[in-house]
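S.K.: One structure coming up, written as structure tokens, with questions to follow.
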Amino acid sequence: DTLLDTDGEVVRNNGGPYYIIPAFRGNGGGLTLTRVGSETCPRTVVQASSEHSDGLPVVISALPRSLFISTSWRVTIQFVEATCIPKPSFWHIPQDSELEGAVKVGASDERFPLEFRIERVSEDTYKLMHCSSTSDSCRDLGISIDEEGNRRLVVRDENPLLVRFKKANQDSEK
């Protein structure tokens, strides 16, 4: 299965960029970054509180040299407009996170951390998954609201966040 964007076009491997937006409006916007706890830079992946925000654009990359992304492949995800964070700023789940299973950005221990997979749920709806580095098992990512009201992207065994991929056009209003 090939990953498609909201226009029905192929999501390009190491291309785009794309916004990751919720499949259903009403509970927040696209995925973005915020500062949590003692972070000096925004390093925590969250869902924007406003459903009118598409969040920050990402590039999705897979190791096979292909123009497209297959839903069976492990991928890296990185924000392209993340400020004050060392590049490359891959999504990853650090072992020492204050919230278990919370998705963060920053330099990873691995040069190209293939920690995530995107699985089709319906025709143009997908779910994000975090995959173990030691096995083939992957677990859903969903939203958990922390004590500060942040809608954090975390590993969840139920209620995965259902998403779509929207081209980040330079002339876009949002």
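Note that Cβ sites are derived from N, Cα and C of the backbone, with glycine treated the same way.
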S.K.: Can you sort out which of Cys41, Cys131 is the disulfide partner Swiss-Prot gives for Cys84?
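M.R.: According to the record, the bonded cysteine is Cys41.
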S.K.: Between Cys41 (disulfide bond) and Cys138 (disulfide bond), what is the CA-CA distance rounded to a whole number of Å?
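M.R.: Each residue's Cα considered, Cys41 (disulfide bond) and Cys138 (disulfide bond) end up 28 Å apart.
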